[in-house]
Amino acid sequence: MSSTQMLKGILDGCLLALIAEEEVYGYELATKLAAHGFADVSEGTIYPLLMRMQKLGWIEATQRVSPSGPKRKYYTVTPDGREELAAFTTRWQQLAASVQHILKEDS
Amino acid sequence: MQTLSDESRRFLEDLTLYLLASGKNEQATQDIVTELEDHLQEAEADGKSVAAITGDSPAAYIQSIASEMTTDYRESVWLLLQILAGVFSFLLFQDLLDGPLSYSLYFLVGFTVLISSLLIVLSRCLRYSATHTSSKRPILLFGLSTGVIFLLLMGLFLTDPQITSPTIHFSWLTSSIVGLSAFLLIGYSAYRAKTWVLPLGLLAYLLPQFFLRYQLNWSALSAVGVGYVCATVLMTALFFYETTSKKTNQT
């Protein structure tokens, strides 16, 4: 299985965590994701996810003039999004621990 | 602001076309296209290509964006009704020149079904061409299906007098009221859409006919011919005029 497929369910949570750090716009978010080691995720992947998270009410977008000129959409996490992030963190930690456990048993 | 590469520009155009032809909300479409345009500009400045954004398949990427957007059925139905009313108005005013209106149920249903299927075919072909840019298939398919639909429309006109179905006959008074409301509706939708192509085209179609038939006693058929040519020339000219003036306004 490629890492892209493994990532599918996890990317939402990662984006949520990055947006929770500070408000970001699309390109900035893609750059941050790549800097954290997700370089082979194509940058555009984040937009359908951002749209879905907006629909779910986890994040909010505000249009603002950016320092470099054009109007940009900046994303912030809503209270619902923070709850989801906390739930994701717990789920991830349990999952990571279980996977780790199995891998250790095997080796 | 630096300009985008042709490849990126084409991708954004395909995306816009696909989303609008899929009945997505115009504002939401504009929003995501602007956001991606902004992203592509920064990415290109950093030396990345459009493939770094869309992945291996731009078509699949466009579809993944579309699947996250809700389809705006209200807007689609409204657009369909406007186009139907627009097409029908030519017929309506043409018939008004010949006398009081009368339509059979067979004709009204057939006409609505055929024009709607024409529009659905058009939207499918536009969507297909947006995700298969190098393919000639959509043009061929569209040409074929419009050909069939036009033949069916001709058939409808020809068979209408022979087929008996409930028919609505209007008096002069109600015909004039229908005509006036149609004209107001066209005026209103032109005002909303900020394009005067349809009402002016309609006038170019009708006024020469009116003059030729009732002042110079031309036959109905030759008057229709002249009206048709006038309307086509004027509407094409207006369309290009409005498109270029919109472009100059944007830059």
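Backbone N, Cα and C define each Cβ position, glycine as well.
Here TrEMBL flags B:77-97, B:103-126, B:138-158, B:170-188, B:195-212, B:218-241 as transmembrane segment. According to TrEMBL, the feature domain 'HAAS transmembrane region' maps to B:90-201.
Secondary structure of the domain 'HAAS transmembrane region' (B:90-201) per DSSP, as helix, strand and coil residue counts: 86 helix, 6 strand, 20 coil.
Within its own chain, the transmembrane segment (B:170-188) is flanked in space by residues 85-86, 88-89, 92-93, 96, 100-102, 198-199, 202, which lie at least six positions past its ends and keep a Cβ under 8 Å from the stretch.
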